[in-house]
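Handing you this structure, nothing more for now.
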């Protein structure tokens with residue numbers, strides 16, 4: 001029994017010791033787990049700190065990038081705004097300069113008007129003084145005549161009135177001369193300055209078109225192929241193009257004759273294509289004519305676009321551009337109308353710039369002033385009426401329409417640009433070499449000029465000289481006085497302006513000559 005108790009105690013002790021050892025081992029294992037956990041946690045913390053530092057750097061870099069990008073956007077926006085502000089400032093400066101130029105022009109015109117009014121006031125005062133002197137002189141002469149000649153009151157009055165009339169005619173002629181000379185001096189000085197500068201800054205080639213075109217052939221055998229069997233080829237070509245083909249003894253050449261330059265050009269293009277192709281028969285001729293017409297339409301469009309580009313106009317209705325291109329194949333007195341229109345546009349733009357007007361609008365009006373000539377042989381009416389209708393149809397500005405309608409005086413000019421277009425048109429048409437007239441028209445104009453001057457009372461005879469640029473009027477000295485000669489020159493000038501159409505100016509010179517001959521014996 002003691003042994004059993006001892007075993008039980010031993011077992012209990014062993015169990016207690018086992019529990020103790022197990023507890024100790026479990027505690028150590030737990031401590032090891034805690035140490036491992038601490039190490040793991042420490043590693044995680046260190047890793048987290050590293051990742052946090054890395055993320056922090058990335059966030060800082062991203063923030064810096066965003067800040068830099070935002071700053072760049074702000075700077076670009078500020079730069080754009082500064083540019084807009086600068087553009088607005090430049091526009092304001094240009095407007096101020098334009099206003100200054102207009103103010104200067106107005107001031108100059110006001111000063112000129114004041115000077116003219118002052119001169120007129122002085123002349124009016126002088127006229128009053130002269131009239132007072134005349135009245136005094138009349139009274140003195142009346143008394144003297146009654147005392148010395150013992151004339152009746154009516155006779156004396158008639159003599160005095162006749163002499164007074166002669167004196168007043170003399171005074172009127174003097175005042176007219178002084179006023180005209182003063183106005184002409186100022187106007188000529190200003191106009192010459194503007195026109196000279198405009199002409200120096202503008203240059204345009206003028207090519208005198210004819211009514212025939214010569215096509216060169218590779219050999220004379222080609223003439224027979226162009227004529228064709230029984231003349232079928234030449235008849236087909238003439239029928240389709242409306243142009244006469246003249247085939248004569250001229251070596252290696254065919255002459256195309258016609259008054260429509262566009263048809264003549266289509267015929268030339270067709271004939272050259274046929275010669276190059278070698279196949280010449282009615283069907284091929286018809287095909288080539290159609291092809292040449294299409295090429296001609298494209299060429300006309302390109303010519304119109306080049307014209308507005310040369311002038312500096314950027315927008316225009318496509319149909320109006322094509323009509324403008326047709327002017328290249330239209331002539332007036334031998335002057336190419338498109339080149340003339342470009343020259344007028346440049347001259348008008350230069351003059352408008354000098355006067356502070358809208359340069360682009362002035363060029364547009366100058367370029368389109370003769371647009372009606374492109375269709376005047378197809379549509380009834382004058383080229384001015386057709387031009388106004390075209391400009392209205394394609395919604396051109398009112399200033400352009402008025403310039404087209406008024407450049408020949410058909411309607412009243414309502415703007416300065418319209419006046420400048422008419423002046424530039426006259427400058428371009430009247431300069432030497434720009435235009436040529438037929439001999440018949442030239443002779444008729446000279447005869448008409450002389451007949452107008454010979455129709456005035458007191459004119460002995462007249463001579464048109466300088467190719468019709470001047471007319472010299474010889475008057476009868478016993479019928480026309482010196483003072484009346486001045487008035488006669490003005491009347492002849494007005495009559496010429498009313499009855500004749502001519503480019504440029506015509507100088508009227510009245511010559512009064514008195515000769516006294518005596519013979520010594």
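Cβ atoms here come from the backbone N, Cα and C positions, even for glycine.
For reference, Swiss-Prot lists these features for the protein:
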DOMAIN    211-271  domain 'KH'
DOMAIN    337-430  domain 'HD'
REGION    77-107  region 'Disordered'
TRANSMEM  5-25  transmembrane segment
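Help me picture where these features are in the structure shown.
With DSSP classes pooled into helix, strand and coil, the tally for the domain 'HD' (337-430) is 68 helix, 0 strand, 26 coil.
Packing against the region 'Disordered' (77-107) from elsewhere in the chain are residues 355-356: each is 6 or more residues past its ends and has a CB under 8 Å from a CB in it.
Tertiary neighbourhood of the transmembrane segment (5-25): none, as no same-chain residue meets a CB-CB distance under 8 Å with a gap of 6+ residues from either end.
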